[in-house]
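Asker: The structure under discussion is supplied below as C-alpha cells; questions concerning it will follow.
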Amino acid sequence: MSAILSADDLNDFISPGVACIKPVETLPAAKPSADNELEISFNTDAPLPSDLPPAQISLTDCLACSGCVTSAEAVLVSLQSHAEVLSQLDSAPGLRLYKNATGTGIKVEGVEQGGKIYVASVSPQSRASIAATFGVTEREAGYMIEHLLSGPKGIKNRAVYRNAFQWVVDTNITREACLVLGAEEVIASMTDTGSKKPVLTSSCPGWVCYAEKTHPHVLPHLSRMKSPQALMGTLIKTTLSRKLGISPDRIWHVAVMPCFDKKLEASREELTDAVWEGTGTRGVRDVDSVITSKELLMLADSRGIEFSKLPRTPIPTSSRIPFPDTKIDSFLFPSNRKGSGNGNRDAGTSGGNLHYALHYFASQHKGSSIQTIKGRNVDVVDYTVVAENGEILLKAARYYGFRNIQNLVRRLKPAKPSRMPGGKPIGSARRPNGKASGPDYSYVEVMACPGGCTNGGGQIKVDDPINTSRLEGDAKAGPQEQKMWLAQVDEAYFSGEDNVESSSVDDRNDLVEGISPSYIKDTLSHWAATTGLDLERLVYTTYREVVSDVGKNVGDAERVIEIAGKIGGGW
C-alpha cells in the first residue's frame, strides 16, 4: 500500500465536510472465563494497553465510506502506488518507438526484451492541486508534470533503463467525449419509456462503489458512460495494440487522479480488454495503475527530483513521437483548442457533466433558458430548462457529498409491497395519484466529495508538510483553513480559462460550451473503425450488485479465491 497512508491519518478523507454515514463497528466484549478464581481490580478508568486492539489501516479507511470495499478489492487497490510505478519503469528496457523511413508510420523495437510502452494520463484536478501548492497556473503545473514523467530532467534521468512515459495526455480530452455522449444519453432517456429516470452520473467511483454495495436499487439509474479515466485507458490500449501490433499487456498506463477511489475503478473487471476484445482474453486492465496528486510528489522525491524546479514551459513537440494514428493524435494533442480550459465556473470542478447536458439540451430548444434554484446547502442545486412560453422542458440537479446523496437515494427507493392481499404498496398513500415514487429529475450529477473532485482524498492538503509554511507556528489547520485552501485549488482549476488558444476544431459551427459534438462523434467513429470494434463496447460499461465482506468473518481461503477469480486482478 502507498506510504501516503499512515497511522497519523485515520480520519475519513472528506472530514470535516460531512459526518461518517456508517457507524463504527462495535466489537463484542470478551466473555469472562469460568476458570478464573481470582478477580483483580485497579483504581483507574483507563484500560490496559493489552485490552486495546491494534490500529490498522486498509483501503476502506480511504474510500468514500466504511463498508463499501471488499477485502479482495482492498488487496487489488493497495498494489497501486508510486513505488509500483517506479518498479514497472525499472523492470526491463522499454519498447523503443521510431518513425519509419517514409515518416508515415511508427516502428517498434525491443519487443523480444520484455519491455513495455509507458503512457500517463493526468486529470485537471491533480494539476490544480499541484498549481495551488507551487503557486503556478494549472497549465504550468501540467508542463511541470510532463517534464517529470517524460522530460530529460524527470524520472528517466535516474532510472535503471532510462525509461519514461512515451506520451502524457490530458483526461480533459476524453472528458469532452464523455460530456457529448452523456448528454445524448440523457436526452434519449427522456423519450424512452423503458429507461429508468433520472439518469445518475457514474464518473465518481466512490459513489458507484457505494451504490453497488449499499443501494443496488439505484444501479439501473446509473449512466452507462465510462469515466474520462476509463475511456482514456480504453482509447490508449485499443489504438496502440492495433496500430503497433502488440498485445495490450505490453502497454502500461498510469493515471494521475485526485482521489483514492480511482484506484478502485481501475481494478474493475468491466474495464479490461476482456470486454472489448471478447472472451478468452487474460483481462488486462485499461488503466494499470492510479496514483494521486500527493503520490505524484512522492514519485519525484523517490527519484531525488525537486518538483518546484521543473520547467514550466512545454516540451518541444519536435521531440515527441506522434501517436500511431494521425486523427487520434490530433484529437489527443490538439495544436489549438477552442473552449474554456476546464469549463465555465458554473460547471463546477467535477468535469461539468450536468452543466454541459443542460446547455446541450437548451441548444436544441431555441428560446429556452436555464434557471438555477439553490438547495438546502451549497452542494445541492436544482436546475430547470424553461421554454420561451414558460413550460418546463427538463429538470436536473446536483448532489455532492454523502449526506446529500443519502437523501437522493432515499427518494429513489421503490415502495415496499404490502403484505395485505390487495393492499397498496407501503408509502404510496402519501403520494398524490399518478405521482412517481422518485424525484421528477431527468438527470442528477452525483459526486462523493463535498465541493467536488478538487476536494478528493488524494489531493495535497493544507496541513501536508509541503504546505506547513502556510500555517503560523504550531497552528493546526482547522475547518476554516481547509476551506480557504480548497478555494485556492478551485481558483487554480480555472486559472487556465484565459490562456486557451482561440481556434476551432475543423472550424465547426455546432459548438456547445466550446465542444463540437459532430467532431467528437466523427473521431469516435474513426476510432471504432480503426480498431474494428463496436463503439458501444468501447465507450459504455456496466454495474452490478456487490456483497461486501467488511465486518464479516471471511477466511483467508475465500479471500484468495475471490482475488484469483477477479478478471482484472492480474493473477
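From the backbone N, Cα and C atoms, a Cβ is placed for every residue, glycine too.
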Asker: Tell me which of 93-115, 300-322, 415-437 corresponds to the region 'Disordered' entry in Swiss-Prot.
Answerer: 415-437
Asker: How many other Cβ atoms are found within 10 Å of the Cβ atom of C449 ([4Fe-4S] cluster 2 binding site), counting all protein chains shown?
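Answerer: Around C449 ([4Fe-4S] cluster 2 binding site), other Cβ atoms within 10 Å: 28.
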Asker: Other than its own, how many Cβ atoms are within 10 Å of the Cβ belonging to C204 ([4Fe-4S] cluster 2 binding site)?
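Answerer: Summing over all protein chains shown, C204 ([4Fe-4S] cluster 2 binding site) has 30 other Cβ atoms within 10 Å.
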Asker: Mind giving me a neighbour count for C453 ([4Fe-4S] cluster 2 binding site)? Other Cβ atoms within 10 Å of its Cβ, every protein chain shown.
Answerer: 26
Asker: I want the residues beyond C204, C259, C449, C453 whose C-beta is within 8 angstroms of the mean position of the [4Fe-4S] cluster 2 site's C-beta atoms, in chain order.
Answerer: Q125, G206, P258, D261, S350, M447, A448, G452, N455, G456
